[in-house]
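A.B. asks: One structure is given below, represented as structure tokens, and several questions about it will come after.
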Amino acid sequence: RESDHRAWTPVTCTVTRQNATVQGLTEGKAYFFRIAAENIIGMGPFTETTKEIIIKNPITVPDRPEDLEVKAVTKNSVTLTWNPPKYNGGSDITMYVLESRLIGKEKFHKVTKEKLLDRKYTVEGLKEGDTYEYRVSACNIVGQGKPSFCTKPITCKDELAPPSLDLDFRDKLIVRVGEAFSLTGRYSGKPAPKVTWLKDDNVLKEDDRTKIKTTPTTLCLGILKSVREDSGKYCVTVENSTGSRKGFCQVNVVDRPSPPVGPVIFDEVHKDHMVVSWKPPLDDGGSEITNYIIEKKDAHKDLWMPVTSATVKTTCKIPKLLEGREYQIRIYAENLYGISDPLISDEMKAKDRFRVPDAPEQPIIKNVTKDSAVVVWNKPYDGGKPITNYIVEKKETKATRWVKVTKDPIFPSTQFKVPDLLEGCEYEFRVSAENEIGVGDPSPPSKPVFARDPIAKPSPPVNPEAVDKTRNSVDLSWQPPRRDGNGKIIGYLVEYQKVGDEEWKKANLSADSCPETKYKVTGLTEGLTYKFRVKAVNAAGESEPAYVPDPVEVKDRLEPPELILDANMAREQHVKAGDTLRLSAVIKGVPFPKVSWKKEDHEVSPKADIEVTGVGSKLEIRNTVHEDGGIYSLTVENPAGSKTVSVKVVVLDKPGPPRNLQISEVRSDSCYLTWMEPEDDGGSVITNYVVERKDVASAQWVAISSSSKKRSHIAKYLIEGTQYLFRVAAENQFGRGPYVETLKPIKAIDPLHPPGPPKNLHHVDVDKTEVSLAWNRPDRDGGAEITGYLVEYQEDGADEWTKFQTVPMLDCVVTGL
């Protein structure tokens with residue numbers, strides 16, 4: 001019962017032990033308790049507690065403090081911190097006791113004499129080089145609790161930490177001229193490192209545009225209103241006595257290019273067109289020149305007319321000129337960031353400039369016989385008027401006078417068979433071209449040639465070898481001679497010699513009985529060793545003999561298969577689509593092995609031609625397509641064993657069409673194109689994309705980019721209100737793939753959208769109640785000039801953002817935090 005109540009409340013009547021737990025009591029109240037025993041006859045008298053009992057938790061000493069850590073060490077001091085115990089024993093902590101033990105001693109000694117309530121303490125007056133361990137205890141009204149776990153042994157010496165460097169910028173940064181940029185990061189180290197900024201290995205110093213800010217933990221380099229000369233390799237070095245760290249950033253400040261370099265050279269001038277050339281700009285603005293814009297103007301008018309804006313070469317044909325008029329040419333260079341100032345040519349009159357043809361190059365002499373020779377030459381420049389005739393002349397090398405080989409005109413053919421040569425004489429030939437203006441200079445003389453039939457004895461056969469043998473025969477094989485002496489090979493003579501004899505015996509009596517490059521020598525004696533040789537025969541006679549390298553012992557043999565791979569059976573074979581795939585290997589083995597070709601463990605395509613000869617096998621697929629690629633394997637097998645080789649074939653083709661062509665950010669003079677790479681790159685890296693546009697009222701597609709490696713493009717110079725179609729194709733080294741075209745026309749009108757998000761938001765400096773922020777302009781302004789930037793902040797963990805203020809510049813200091 002409660003002490004201020006008289007009524008007793010039963011707790012339990014089923015206790016058989018001599019103890020019980022009473023639950024459901026109220027903390028702070030006083031209670032009396034009583035107990036009675038009961039048996040089968042009935043309940044006995046109660047025994048009551050002599051005095052009231054107040055309900056409250058018992059008070060004990062505190063638990064041990066937690067997370068004792070060493071925060072700093074010098075040669076004569078140690079700084080430690082810790083966290084309070086998980087349980088304070090039911091009473092507030094009144095003080096902490098910090099103890100230390102010198103390593104090598106047994107006892108801990110109290111460090112603090114004064115009452116310590118802070119959970120951080122610096123032990124001073126230590127001896128440099130001594131090693132200590134520390135522990136801390138908590139005290140409450142009851143007494144001192146258990147000590148914490150000891151620290152690791154700590155030696156008194158000055159702390160050294162090599163510099164660390166954490167940068168907020170990447171290896172490369174592209175900045176538009178006039179924009180600001182900053183390179184920021186954080187660093188640390190003991191002793192405090194020295195921070196140095198360099199550009200192209202030269203130390204940077206602050207000036208009107210260059211700002212350097214360094215705090216004990218942060219570093220920042222800012223460049224205001226950047227210029228092209230700010231491009232370069234920036235380096236920040238953080239160094240102290242223990243070492244140094246460096247960070248690098250290649251900054252490219254980009255701008256429109258400088259004008260093309262003049263003067264404009266008129267390479268060709270005609271009555272209706274000209275060909276001009278120029279040199280690229282001295283400064284490409286830090287970005288590759290995408291194209292040149294060429295315009296023409298009648299010198300007596302003020303209107304410039306476009307010629308082309310799609311050329312990437314430094315030469316251009318100016319068409320559609322009026323004869324006798326004087327013209328000026330104007331050339332702009334363009335990159336991704338704008339169009340240069342123009343290069344303007346001198347005035348030039350459109351009129352033909354004619355002259356006699358140039359001299360042809362040195363002619364080549366072919367098919368020389370005892371009384372004729374064929375002279376071949378290349379067409380020279382015609383001087384502006386078509387060539388009407390060629391004049392071919394000959395002379396004996398020791399003579400001085402050139403003689404025409406015919407009075408008949410020679411045109412348009414650029415070769416002529418010269419008749420009536422004298423056998424055995426040495427001749428030179430030359431060629432001149434003629435147009436309506438006159439006869440041009442003659443070519444240099446040809447190389448001297450003798451007038452005689454070219455046939456000679458052939459060279460010896462190549463690589464004769466014994467490919468098989470039995471107990472009374474040997475099979476020989478060889479390759480044709482490298483030179484047939486300009487006469488047809490009639491056949492081959494095969495001879496053999498028993499080792500030890502001097503006499504060579506003929507295996508065949510005449511060359512025409514062995515027209516092929518193999519022969520079976522029979523009638524040999526088993527167990528003897530023979531040498532073999534082969535001669536090639538044409539109408540001029542027999543060649544020198546080619547010998548089988550090693551003597552051959554005549555006997556039956558069994559050899560496992562052997563594969564000698566040709567170069568086209570390397571591990572990986574690349575074939576251009578439409579070309580012919582050839583895989584071949586030399587095969588050896590006795591008996592000759594069974595040959596099988598597989599592709600990916602299946603039969604090869606029916607379009608494949610497979611040829612098996614007595615010395616090898618060849619697989620050939622004409623007009624290859626992308627699907628012909630894969631793993632091809634060649635297996636050879638005979639009773640002595642088997643052997644398999646594989647080769648990976650990649651069929652290279654033009655890429656497929658780009659995917660998911662999208663048009664966005666449509667304006668009155670431009671729009672933004674994006675697309676995805678083709679599903680199939682043709683087996684080769686995509687080198688560039690070709691972007692074209694077309695006015696819906698025109699049948700002509702106009703190229704607006706032909707060298708872009710990116711999968712996006714800004715189409716400029718649109719005419720407001722005009723509807724356009726766009727298409728994109730991918731190119732690799734094997735050609736241009738099919739185009740993907742926009743599904744419906746795009747009308748060039750200005751939309752108005754919210755601007756894109758600011759880029760690279762980062763803090764420049766931090767204080768107790770304020771943060772300095774900086775950011776870069778967004779990629780897109782939504783079709784209207786950006787009037788300001790709204791800065792908001794949010795406390796970590798909160799849901800709502802608080803508006804701070806709207807600022808016109810690219811930085812802001814948020815205060816009142």
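Note that Cβ sites are derived from N, Cα and C of the backbone, with glycine treated the same way.
Per TrEMBL, the features are:
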type   : residues : note
DOMAIN : 1-58     : domain 'Fibronectin type-III'
DOMAIN : 64-159   : domain 'Fibronectin type-III'
DOMAIN : 163-252  : domain 'Ig-like'
DOMAIN : 259-353  : domain 'Fibronectin type-III'
DOMAIN : 359-454  : domain 'Fibronectin type-III'
DOMAIN : 460-557  : domain 'Fibronectin type-III'
DOMAIN : 561-646  : domain 'Ig-like'
DOMAIN : 657-751  : domain 'Fibronectin type-III'
DOMAIN : 757-817  : domain 'Fibronectin type-III'
REGION : 455-480  : region 'Disordered'
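I would like each feature placed in context: is it buried or exposed, what are its neighbours, and how far apart are things?
C.D. replies: Note on the domain 'Fibronectin type-III' (1-58): mean pLDDT across this stretch is 85.
For the domain 'Fibronectin type-III' (259-353), DSSP puts the residue distribution at 0 helix, 50 strand, 45 coil.
Same-chain residues lying 6 or more positions outside the region 'Disordered' (455-480) and placing a CB less than 8 Å from one of its CB atoms are 486-487, 489, 492, 494, 496, 517-526, 530, 532-549, 552, 554-557, 588, 590, 592, 614-615.
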A.B. asks: For the domain 'Fibronectin type-III' (359-454), which stretch among 1-58, 64-159, 259-353, 757-817 has the most Cβ pairs under 8 A?
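C.D. replies: The stretch with the most contacts is 259-353.
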